[in-house]
Each structure stands twice: as C-alpha cells, then as structure tokens.
C-alpha cells in the first residue's frame, strides 16, 4: 500500500513538473515574441508607441520572472545546500519581489491604458485623465514604487529578524527555520500588496462594462444593426482585461491557499502545485495579448507557417 501511494505521489510530482516546464517554455516563447516584434518595429520605424512600450516592458519583466523561477528550480535541484543559506534566500526573495511587482503593475497599467483610451464618460476628472493618458499611466507606474519600497522593507525586516533568531538557535537548518517561523508573514505581505493593483484592475473592468452598456443603449436608440468601432474596441479591451483578472485571481488564490494550508508548505507536491498555478499567470496572459492584437496574431501565424 505504501509503495502504491509513493507511486501515485511520484506520478503527480512528475506531472506537475512537466506542466511547469511547458508553462515556462510557452511563457518565454510568448513574451519573447512580444518583445522581439515590438523591438523590430521600433528599429524599422525609428519610433515606438506608448502602448508597445508597455507591452515590451511587460514581456521583458515576465521573461525575467520565468528565468528567475527556472534558476531557483535548477539551483535547488543541483545545489540544494545553496537554497538553505540565509543570504541566498534573501537575494532570491528581493529579486522575486522586484520582477513580480514589475510584471503585475505593468499589466495593471495596460488595463488602465485600455480603459482610458476606449471608455467615454462626461466626468471632468475622467476627461482630464483621458486627455493625459500617457502621463496618467506613467504616474501610476511611478506611484507603484511606493508599495514596492514598503514590500521590500517589510520582507527584509522580517528576514533579518528570522536570521537573528536562527543565529541564537542553530540546532536545525535556516531553511527549516525560515519556512516554519517566517515565511507565512512574508507571504502575507506579498498577498496584501497584490490586492492594490488587483483593485485598480477590477475598477477599470467594471467601468469598462458600464461604458460598454451605455454605448450599447445609445446604439440601440439609433437602431444600429452592426457593431461599430467603439463597441468592437470595448469588447476587445474587456476580453484582455477579463483574461488578466481571471489569471490574476487564480494567482492570488494560490497564495491564499498557501496561507490557509500553511502546514503543507514543506510538502514538495503542494509547492509544485502552487508553482504551476503561479506560472500560468505570466505565461498565458502573453498568449492572450498576442491573440487579442491583429498585427501580433498575423505575425505569429506567419512565423508558425514558415512565411
């Protein structure tokens, strides 16, 4: 019976590892394609639109995120002793905060950009922001450095306290001490700071729906049979933001699951499952962005068909 359970465990572990590797490959291909096409167009035309600047920065940040995760997995497999060192945990924790923050806030700014560009409200504040969309998004990115600073500060303070406690009692490994005493609080910090951009995206999503509904009522009054350009743009933006929110929600739920079932945090199967959910966010959202853009979709089809 024990041998049978171990076999089932190994099957699940291997399955999660295969899915994770596939997600990393898809994510790197998708984000690499996004960055490459935008950079080639930039070189060719000697200019790049603000939207493509956001998309390129987002693709690069997500590739860094995926490569960081892959590096962590390789180090933990080849040099497991390194992952138990206090300094190594601190370095990877800070790097993860920075690249994860960049990825999420750039995605959030992309949603804000679509919202301001497409929706139409008569509110004076909205019109002020809409006429200055580039400045609004740039200021949003700049303000996002505030939660980044506090997140890094709080996590490092917690890690330093953890290191001090460990040095007073070194009867077991730092990794064991960290995941037993400190990681839950660090995870709580990450989750709290993630709700800020999630709230911004959710607000943009709801206002996009409201704007589409108002536009649809106006079109009905004019007895319009076919979709006009504004309706199409609304629906396209909603599809992209919906996909982002869905993947983002799954990602946050994976963190909440770790907090809820914290006693499983040292179980490799549970960690592999959470990693699969986590990597789905930066990997598959890039595919949504490619499919949602006509030019990118055509370039991707041309590349796949060898033409």
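The first residue you see is number 1, and the count goes up from there.
Cβ coordinates are placed from backbone N, Cα and C, and glycine is handled just like the others.
The annotation transmembrane segment is assigned in TrEMBL to 16-43 (among others).
Taken from TrEMBL, the feature transmembrane segment covers 55-79 (among others).
The annotation transmembrane segment is assigned in TrEMBL to 91-116 (among others).
Per TrEMBL, the feature transmembrane segment maps to 137-157 (among others).
Positions annotated as transmembrane segment by TrEMBL: 192-216 (among others).
Under the heading transmembrane segment, TrEMBL lists 237-257 (among others). Sequence-distant contacts of the transmembrane segment (237-257) (same chain, at least 6 residues past either end, Cβ-Cβ under 8 Å): 104, 107, 110-111, 114-115, 118, 187, 190-191, 194-195, 198, 201-202, 204-205, 208-209, 212, 274, 277-278, 280-281, 284-285, 288-289, 292.
The annotation transmembrane segment is assigned in TrEMBL to 269-291 (among others).
Highest Cβ contact count with the transmembrane segment (91-116) among the listed stretches 16-43, 192-216, 269-291 falls to 192-216 (criterion: pairs under 8 Å). Away from its own ends, the transmembrane segment (137-157) comes close to residues 50, 54, 90, 93-94, 97-98, 101, 105-106, 108-109, 112-113, 116, 186, 189-190, 193, 196-197, 200 of its chain (Cβ-Cβ under 8 Å, at least six residues beyond either end).
Of the ranges 55-79, 192-216, 269-291, the one with the most Cβ pairs under 8 Å to the transmembrane segment (16-43) is 269-291.
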